[in-house]
Every structure is written in C-alpha cells, then in structure tokens.
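Straight from Swiss-Prot, the features:
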BINDING   19-28, N110, 137-138, R212, D250, N359  substrate binding site
ACT_SITE  E174  active site
ACT_SITE  H248  active site
ACT_SITE  C365  active site, nucleophile
Amino acid sequence: MTAHEVNFDGLVGLTHHYAGLSFGNEASTRHRFQMSNPRLAVKQGLLKMKALADAGFPQAVIPPHERPFIPALRQLGFTGSDEQILDKVARQAPRWLSSVSSASPMWVANAATVCPSADALDGKVHLTVANLNNKFHRALEVPVTEALLRAIFRDESQFSVHSALPQVALLGDEGAANHNRLGGEYGSAGVQLFVYGREEENEIRPARYPARQSREASEAVARLNQVNPQQVIFAQQNPEVIDQGVFHNDVIAVSNRQVLFCHEAAFARQKVLINQLRTRVDGFMAIEVPAGEVSVSDAVATYLFNSQLLSRDDGSMLLVLPRECQDHAGVWRYLNKLVAEDNPISAMQVFDLRESMANGGGPACLRLRVVLTEEERRAVNPAVMMNDALFTALNAWADRYYRDRLTAADLADPLLLREGREALDVLTRLLDLGSVYPFQQTGAADG
C-alpha cells in the first residue's frame with residue numbers, strides 16, 4: 001500500500017530559555033543562563049516546516065505545552081494563588097521555576113515511538129508516549145503529550161495511542177530519538193531498530209553521563225506498538241559516545257528507508273548490527289562516517305547526525321542540516337564529498353535553528369516521523385497540517401504572543417503565565433484540539 005512519511009514538528013513554546021537542565025546534553029549546559037529569543041525560535045522552526053512542505057514533504061505541527069506549569073509546583077508543596085506561587089518559587093527555589101518553565105516539549109522526537117500500520121500485527125498506526133523519566137522537566141510532559149496526540153490522531157479505527165510506561169528508572173524511555181525504521185517503500189513492512197543505552201543485567205554502560213534508554217523499555221514499547229516480532233532488532237548504543245555527549249541515538253545516527261547514516265562509533269557491536277541489517281533489509285546501505293573525517297566531538301558540536309534524511313520523488317535523498325554543519329570546515333568538507341559520491345544522499349538543505357541548537361536540539365529533535373497511508377492521513381486532524389494559511393496564521397500568532405527576549409528572571413513574571421495561557425487558548429481553537437491543557441479544564445486561567 002502506498003504511504004508517505006509525515007514529519008510532525010514541535011512548535012517552540014513561549015518560555016524557551018537556557019537553563020542548562022539537561023545533564024549529558026553538552027549544548028544545554030554550555031549555553032546556561034544566556035538570553036533567549038522565543039519569537040525567533042518559533043519562527044526558525046516554522047520556516048523549516050514551511051520550506052519542507054513547499055518542497056513536497058508532508059508536514060504538520062504539534063503544539064507547545066503550558067509553561068510555567070503551576071500544577072507541578074503545587075505538587076512540590078508551593079501554595080497560594082498562581083501569582084503567589086511564582087513569587088515564592090522564584091525566591092526560594094528558582095531551579096524549580098526553570099524546570100517547570102522548560103520549552104523542551106518542542107523536541108517531539110521524544111514525544112513518542114511510532115509504529116506504522118505496515119509493521120503492526122493489528123494493521124493500525126501505534127504511538128506510545130515516552131515517559132522521559134531521566135529528567136524531571138521532561139517527565140512533566142507526559143500527560144499533555146498524550147492528550148495532544150489523542151487530539152491529533154483521534155480516529156481510533158486507524159490509530160492507537162498508548163500511555164507511557166511506568167515512571168521507574170528500569171523503564172526509561174526517550175521515544176523516537178532512540179528508534180529507527182529501515183526498509184523499502186514506506187508502505188511496505190520494515191525493520192524497526194530500537195537503540196538502548198543500558199539493560200538491567202549488563203554492566204556495559206556509560207560512566208560519565210546517564211544512559212537514558214533501557215532495553216527493558218524498548219522491548220515494552222515494541223510490545224505495546226504491536227510490532228511484528230520478526231521485524232525488530234534491539235541494539236546497544238556505544239557507551240563511550242554517550243559519555244561524549246550523545247545522549248540520544250539521533251545525535252549519532254539517522255536512517256531513512258534502506259539507508260543508515262551513522263558514525264563508525266555509534267553502536268556497541270556495530271559490525272554485528274550492520275550485518276544483521278544487511279541480511280534483513282533488501283538493498284541496505286550503511287554510510288559510516290570515519291572518526292578520521294568527523295570526530296564524535298565534532299558530530300556532537302555540529303549535530304551532523306541530528307539531521308533529517310528525506311526521500312525525494314526520484315528516489316534520491318535530501319539531508320536537512322543545521323547551519324552549524326556548514327560553519328564547520330571539516331564537517332562541511334565531508335558532506336560535500338558525501339553528496340558527490342555514489343549513494344542515495346544527493347542533496348543538502350541547511351536551516352538556521354540556532355535558538356533550538358543552543359539548547360541541544362537540531363532538525364531531527366524537532367520532528368516526529370509518522371508513516372501514513374492516504375486513508376490514515378485523511379484521518380489525522382486536518383487543522384495541524386502545514387500549508388500557506390496555517391503558516392501565515394502561526395506567524396501572526398507568534399508575533400502577537402511571543403517575547404523577543406527572555407531570561408530566567410522573567411519566568412516569575414505573572415504576565416508571562418497569562419500570555420502563555422491566552423496564546424494556547426487561541427492555538428487550540430486554531431488547531432481544533434479541544435481543551436487539552438490543564439488550565440482549560442480547571443478554569444485555572446482565571447487565577
């Protein structure tokens with residue numbers, strides 16, 4: 001059956017700021033406390049979405065979350081009105097205020113793991129929400145992510161959205177950022193590659209930074225998503241590269257159809273994995289980048305592998321890259337050589353995503369890939385699909401509500417909370433989502 005990959009990109013939230021919340025993510029740590037520009041950030045993301053949609057790649061949006069998230073502060077023991085709580089936490093525990101104000105939901109590669117209908121035992125599209133339990137600010141995302149996905153993929157005859165795994169360390173799950181799908185045509189059965197950093201009875205794990213994804217979680221997600229057991233491979237990420245800042249597999253590898261583009265040091269038993277894939281995937285091609293041409297540290301600094309690999313109508317592939325790759329002489333030299341060689345990657349497109357990149361999120365972090373047949377695509381909430389009208393509306397919305405500068409001190413401003421809630425109220429109507437946010441369900445917008 002004919003199917004296409006649709007990229008659902010996360011909209012950057014109104015409280016996008018640099019707090020260094022993500023240990024193991026070196027860009028996040030390096031840019032801590034710098035001033036951010038939320039309006040520029042959301043527009044950089046919108047420009048990427050629109051450019052790719054105009055080039056013929058189906059594109060949709062996933063909204064941001066309510067931030068600052070007052071219910072989480074109430075759970076932590078802060079009391080009073082919303083304004084009183086903001087004042088208390090800013091004075092007593094500013095780190096918590098930063099955590100509950102994180103715009104990290106924009107990196108929707110961590111929202112869920114997706115199984116196309118061609119791979120599922122029941123013939124449905126499955127999405128399992130990631131629990132993101134390695135980081136407090138990310139674990140907060142889970143309930144609203146589930147509500148948003150149910151509002152977008154609302155036809156239960158076509159889609160099954162599964163709740164996240166239990167919030168325990170053993171079942172740490174980071175979603176599609178640790179998942180690749182390889183195969184031929186999108187509508188044909190493929191091989192799903194689940195990548196983990198640790199497993200309970202395996203002492204091979206990183207020493208410096210945490211391995212966020214467990215094998216136990218990957219296996220559970222594969223079961224929930226009803227992936228045909230004959231179409232699954234579980235592989236361990238190289239713990240040495242996790243210790244160099246590769247906190248998700250999509251920082252060191254990206255796949256599309258029959259191609260796996262990765263660093264030569266990406267996986268723990270890479271030769272074995274490559275041979276497995278060669279056996280299981282017709283026409284499989286591994287493009288392994290040697291350390292002599294691009295070091296792991298340069299790959300992390302430029303997010304070379306946090307790129308999007310997209311299929312064009314002529315069968316060739318487009319590599320969507322952050323500007324940091326172009327700015328790095330060695331990486332750019334390698335890429336120009338790559339597209340000149342005999343392989344499916346024949347073109348590159350560079351985007352300025354520096355607001356997101358400074359927090360450790362490149363093009364691939366910002367999107368959730370969902371393979372859909374034409375019938376399934378018609379069943380998706382049509383209001384989230386990118387087109388000229390939505391692009392214009394979202395830019396006007398951003399101009400109205402987003403600030404052009406934000407520091408950690410601004411997070412305590414009650415006006416920011418009110419601006420955010422008003423903006424999300426408008427957005428849910430624009431995207432026909434219903435009342436997906438807690439403040440809409442409880443009347444908290446009134447104070």
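Heads up, the Cβ atoms here are built off N, Cα and C, so glycines get one too.
What you see is a predicted model, and the numbers here were worked out from it, not measured in a lab.
Closest in space to E174 (active site), of the recorded positions given as A19, N110, R138, H248, D250, is N110, taking the CA atom of each residue. With the fewest other Cβ atoms inside 10 Å of its Cβ, the least crowded of the recorded positions A19, L21, C365 in this structure is L21. Counting only same-chain residues six or more apart in sequence, the Cβ atoms lying under 8 angstroms from the Cβ of H248 (active site) belong to A109, N110, E174, A177, N178, R212, Q213, C365.
R138 (substrate binding site) falls within a helical segment according to DSSP.
Under DSSP, D250 (substrate binding site) is assigned to a helix (H, G or I) in the three-state scheme. Of all the Cβ atoms in the protein chains shown, 29 others lie within 10 Å of the Cβ of N110 (substrate binding site). Neighbour counts of Cβ atoms within 10 Å were compared across the recorded positions R138, E174, D250; the minimum falls on R138. When secondary structure is read from DSSP and collapsed to three states, C365 (active site, nucleophile) falls in the coil class.
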